Amino acid sequence: MSKEKIALFTIFGGTGDLAQRKLYPSLFKLYQKGYLKEHFAVIGTARRPWTNEHYHGVITDSLASLNADPATVAKFAGHFYYQSHDVTDAQHYVTLKQLSEKLDAQYGLQGNRIFYLAMAPNFFGTIAQHLRSENILTPNGFNRVIIEKPFGHDFESAKELNDQLTATFNENQIYRIDHYLGKEMIQNISAIRFGNNIWESLWNNRYISNVQVTLSEKLGVEERAVYYDNSGALRDMVQNHILQILSLLTMDQPVEFTEKDIDVEKVKALRSLRPLKPEEVATNFVRGQYAADGDVKAYRNEDKISPDSNTDTFVAGKVMIDNFRWSGVPFYVRTGKRLADKFTRIDVVFKRPIVNIFNHDDVRENDDAATSLAPNVLTINVEPTEGVELRMNAKALGQGFATTPVKLNFAHDAAATANSPEAYERLLHDALNGDATNFTHWKEVAYSWKFVDVIQKYWDEHTPDFPNYRPGSMGPDASDELLRQDGHEWIYKE
Ligand SMILES: NC(=O)c1ccc[n+]([C@@H]2O[C@H](COP(=O)([O-])OP(=O)(O)OC[C@H]3O[C@@H](n4cnc5c(N)ncnc54)[C@H](OP(=O)(O)O)[C@@H]3O)[C@@H](O)[C@H]2O)c1
C-alpha cells in the first residue's frame, strides 16, 4: 500500500512565524519521506498582498537550513499557492472555495481538507463559522482542523472557543496541538510504563515517593512578550504541557493503545486531580518572576513589558491525585524562564528500602531508618538528551562495605535523534492519518483549566513580591521549600 497521503492544506496565517519556522519545514520533511508526493497542495493565506512567486521564495527560504536539493525544493514549493485574505471578510472565502476546488481537481485531492489555524485564537471562531457558511467543507473526503495553543485563557473562554469550533467541526475533526505530545520521549512514557512489568508493577503509591516534572527554559521572554505578559507560566505551560505529561504519567493502563482508550484514561487521571481551595494555593503553588543580573534585564524591563507587571515567569507546584493508585504521592511540577539551563525531564523518585541493613547503628539511633540510602530515581530525559536513567545503590568499589549510588543510563544516539522527526512533523503526519492520539481532547482541556483557574484567580487577587529569582537559578527559594516541607528535595539542582 502506498504511504502517500492526499490532502489540501489551507494554512491561515501562512505569512506568520509558526508557518515559516515549523510548518513549511515539517511539510517538506514529509515530502522528502514520500508521505506527501503528487497529490497534495497548500494554500497559504494572510492579509499581505503576496504573489505566488513571492510565496515560493518564502517557502524556499524557510527550508534553507535543511540544505536540500534545490530541484526538490522547487518541485515542493510548486505545490504552494498564496491567497491574500482577511479572515473577517466573507467575500474572501468565496475566492478561497474556488481556489480549493480548482486545486482539488488539478491534484486529485479527493475532497480531503486540513485547515491549519496558525493565527491568534480570537480568529478561530470567525474562520470556523465562515468555513461552514461558505460551504468550504467538503461532503466527500475528510475535513480536519488543526489549532494552536492557547486554547482559551480560562475554562469559560476555552468553552466559548470550543463551542465556536464545534458549531462547524465534530470533536473527532478537531486536532488541538500540544507540541510536547509530539516529542519522542513524551510518547515514550507509555512504552516505558506499559512495556515493562518492572515499572508498571511499581507504578503506584506503594513504591513511589514522589514524581517531579521540570520544563526549564534558559531564555527570557524574547519576541513573544505581548502574548506572554497576558498569559504567564501557569497558563502558558502548566495548563497544557505539564498537565498533559502528568496525565500520561498517571493514567491507568488503556485497554488497547488506541486514541479512544488513551483519551478515556487521560480524562480519568485529569478528573482525579485534587482541586485546590483558594486558601490552599499559597502553600501548594509558588510563583516567580526573574530579576536583573549583570547584562540580563529583569522581566519588568524587557521590551513591551510593563514595569509593574505581575506576570509569573516561573511556577512550581504540588499536585495531588485522588485515586487508588496515587493517593498520598505528591507530583511536583516546575517551569520557568531564565532558569539554569534548557531541558525537560521527569524524575520518578521511589521509596527507600524500609531498613538500611548496611548501617545498623544508624537504624537504631534514627527514626527514619533508611536515611543513608539514596532513593532509586528513574529519570526520563525528554530534551535535549533523549533517554532514560536509573539511579540505584550498589557497593562502593574496594575494601570494606559501603554503598554508593550508581547510574544505569540509556540515551538515544545523537545521530539517530537528529534524523528522527520533530514534533510538528510527527503531528502533521498523525493529522493526515486521522490519528488524534497525540492531540488534546476537549475534556482534557476542560479539566485542566478547571484545576488551573483556582490558582490563577487566587494569584490575580493577591499582589506578589516580584521580582524574586535570579536569572540562571532554578527559581525562587520557595520552590525548594515546597518540597522541603514534605521531606523531599528536587532531584535536579542548579
Ligand atoms: N510561533 C510559534 O512558535 C508558536 C508556538 C506555539 C503556538 N503558536 C501559536 O500559533 C499561532 C500563530 O502564531 P505565530 O507566531 O505564527 O503568529 P504571527 O507570526 O503573528 O502570525 C500571525 C498570522 O496571522 C495573519 N493575520 C493576522 N490577522 C489576520 C487577518 N485579519 N486576516 C488574515 N490573516 C491575518 C498574519 O499575517 P498578515 O499580517 O499578513 O495578515 C500572520 O500570518 C498563534 O495562535 C500562536 O499562539 C505559535
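Any Cβ shown, glycine's included, is placed from N, Cα and C.
The structure displayed is predicted, hence computed values, not measured ones.
Summarising the annotation, TrEMBL assigns active site, proton acceptor to H241. Long-range Cβ neighbours of H241 (active site, proton acceptor) (same chain, at least 6 residues apart, Cβ-Cβ under 8 Å): D178, Y180, L215, T335. In the three-state DSSP scheme, H241 (active site, proton acceptor) falls into the helix class.
The annotation NADP(+) binding site is assigned in TrEMBL to R47, D86, V87, K149. Less than 8 angstroms from the CB of D86 (NADP(+) binding site) sit R47, H92, each of them six or more residues away in the same chain.
Under the DSSP three-state reduction, D236 (substrate binding site) is assigned to helix. Around D236 (substrate binding site), the C-beta neighbours below 8 angstroms that are at least 6 residues distant in the chain are P150, Y228. Marked as substrate binding site by TrEMBL: H179, K183, E217, D236, K337, K342.
Annotation source TrEMBL lists domain 'Glucose-6-phosphate dehydrogenase NAD-binding' at 11-188.
Marked as domain 'Glucose-6-phosphate dehydrogenase C-terminal' by TrEMBL: 191-490. Across the domain 'Glucose-6-phosphate dehydrogenase C-terminal' (191-490), the model assigns an average pLDDT of 94.
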Within the set R47, D86, V87, K149, K183, which binding-site residues show a CB-to-ligand 1 distance under 6 A? R47, D86, V87, K149
So, in DSSP terms, is H179 (substrate binding site) helix, strand, or coil? helix
Within the chain of K149 (NADP(+) binding site), which residues six or more apart in sequence place their C-beta under 8 angstroms from its C-beta? R176, I177, D178, N240
For K337 (substrate binding site), just give me the three-state DSSP call. coil
Please report how many Å separate the Cα atom of K183 (substrate binding site) from that of V87 (NADP(+) binding site), as a whole number. 31
Give the maximum pairwise CA distance in Å, whole number, for the residues R47, D86, V87, K149 listed as binding NADP(+). 21
Whole-number Å value for how far V87 (NADP(+) binding site) lies from E217 (substrate binding site) (Cα to Cα): 34
Where's the emptiest Cβ shell within 10 Å among the binding-site residues R47, H179? R47
